[in-house]
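Engineer: Pulled these features from TrEMBL for this protein:
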- 15-282: domain 'CN hydrolase' (DOMAIN)
- E55: active site, proton acceptor (ACT_SITE)
- K155: active site, proton donor (ACT_SITE)
- C188: active site, nucleophile (ACT_SITE)
Amino acid sequence: YVAAVYEHESILSPNPAALVDRQSALELMGRNLDIYEQQVVAAARQGAQIIVFPEDGIHGFNFTRSSIYPYLDFVLHSPSAKWNPCREMYLFNDTEVLQRLSCMALKNKIFLVANLGTKQPCEHTDPHCPSDGRYQFNTNVAFDDDGVLVATYRKHNLYFEYAFDTPPEPDYKFFDTPFAGKFGMFTCFDILFFEPAVNLIRQYNLKQVVYPTAWMNQLPLLSAVEFQQAFATAFNVNILAANIHHPTLGMTGSGIYTPVKSFIYHNMEGYGGKLIVAEIPVITTNYETNLGKPPGRVLEKGNEQLPPLFYAEMMYDNFTFVPVWGEKGELQVCASTLCCYLSYRRAVVTDELYALGVFDGLHTVHGTYYVQACALVKCGGLSFSSCGQEVTDATALIDFQLWGNMSTPYIFPLLLTSGITLDFADHMGWKNNHYFMSKNRTSLGLLTAALYGRWYEKD
């Protein structure tokens, strides 16, 4: 099927904390919706059957609970009601944004997924009801090609979004399409957690995902395109990921991903939005993971000199590292119960420092979640203390096999190359209670090769 995602440079309110009236809010959102409209037309012309827009793309961000209120649409959060906002405009008040989105889908005969702020009045008899008598949700909406609202999803894992409420229960939301079956739906930070993202995919055996996001890139392990691809690979799904474009805030990175191929956009230099349109196969069955040859023996060291252990901060976590020196070698590094192993050979020895790092613990900055990671990274400079820094360019082409005795089945294989481009492992999978990934010569200089494990039970 042909899919489209749009990375949008949203027109932002100059002062999001200011209180404005509904009319001014609609005016600002209308300017973003005008751009959406042009992109829907362009995508439909290229044969797209579905288009996805980013999180916060219509209203922007950095609001307070009261300042976002005029930007909120009312949406009926009921699974049974079939409502077409374009054709039934006057059913509810405050649905102007939904009406425009619905009309775009209808006029262009395309499935459309967008993110907006919504409100829902609640009774004080409801124990969860906020003191101002209303819920405010970060919401994804999906319209079919007739403009009918077919699914609404309220974001569960909020990322410092004080204007919004967390829904009392996680929403498991998907919608059906004639061209690719069911699409699951979640938002941004949700991708790092079991609820509802992983549970949704597993429970309903979903093979396609739409994913609006407003993601701030964090190298070396959590740049948007890197993790989006790893998620598609780990769960054997197609992901249509639309990010916002604000390079000054570190926000860029969208794509259409299959488990074995991707069409991505990552641009920290230029301004303006970007439409990606690609034809991808519908996933109906599980790919046979090509397990290839298993990793060799666990290292038995003679009395040759072992490289020194050192510690450095990476992604706000204290990783234990060993340097990756010379043309080839075999290394191991352990922390807590996790041991990581690397066997490597460089095509040409460059003067770049690489290191193999391990972390097995609770990550506590900007969210709390348990990580088990084995990571081969290029360091920022030549000193040990530079390992873990954000690096975007590299020249070393490396053959490697990386493996670890992970305690969780949820492993995201990351493989990032120079210029924030993606590469794909030759082989990966489980063998003898170890997860491994191998690559015969990266296509460009290696930035990161990592097994990023999420041990959800220990969150």
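Quick reminder: no glycine exception, Cβ is built from N, Cα and C everywhere.
TrEMBL entries are annotated by machine, without manual review.
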Engineer: Applying a 10 Å Cβ distance cut-off over all chains shown, what neighbour count does E55 (active site, proton acceptor) have?
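Structural biologist: Around E55 (active site, proton acceptor), other Cβ atoms within 10 Å: 27.
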Engineer: What is the pLDDT of the domain 'CN hydrolase' (15-282) when averaged and given as a whole number?
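Structural biologist: PLDDT averaged over the stretch: 97.
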Engineer: What Cα-Cα separation, expressed in whole Å, is found between the residue listed as 'active site, nucleophile' and the residue listed as 'active site, proton acceptor'?
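Structural biologist: Just about 7 Å between their Cα atoms.
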Engineer: Between E55 (active site, proton acceptor) and K155 (active site, proton donor), what is the CA-CA distance rounded to a whole number of Å?
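Structural biologist: Each residue's Cα considered, E55 (active site, proton acceptor) and K155 (active site, proton donor) end up 10 Å apart.
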Engineer: When a 10 Å sphere is centred on the Cβ of C188 (active site, nucleophile), how many other Cβ atoms does it contain?
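Structural biologist: Result for C188 (active site, nucleophile): 26 other Cβ atoms within 10 Å.
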Engineer: Cβ distance under 8 Å to K155 (active site, proton donor), same chain, sequence separation 6 or more: which residues?
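Structural biologist: K155 (active site, proton donor) has long-range Cβ partners E55, F137, N138, T139, N140, E161, F164, T166, F186, T187, C188, F189, D190.
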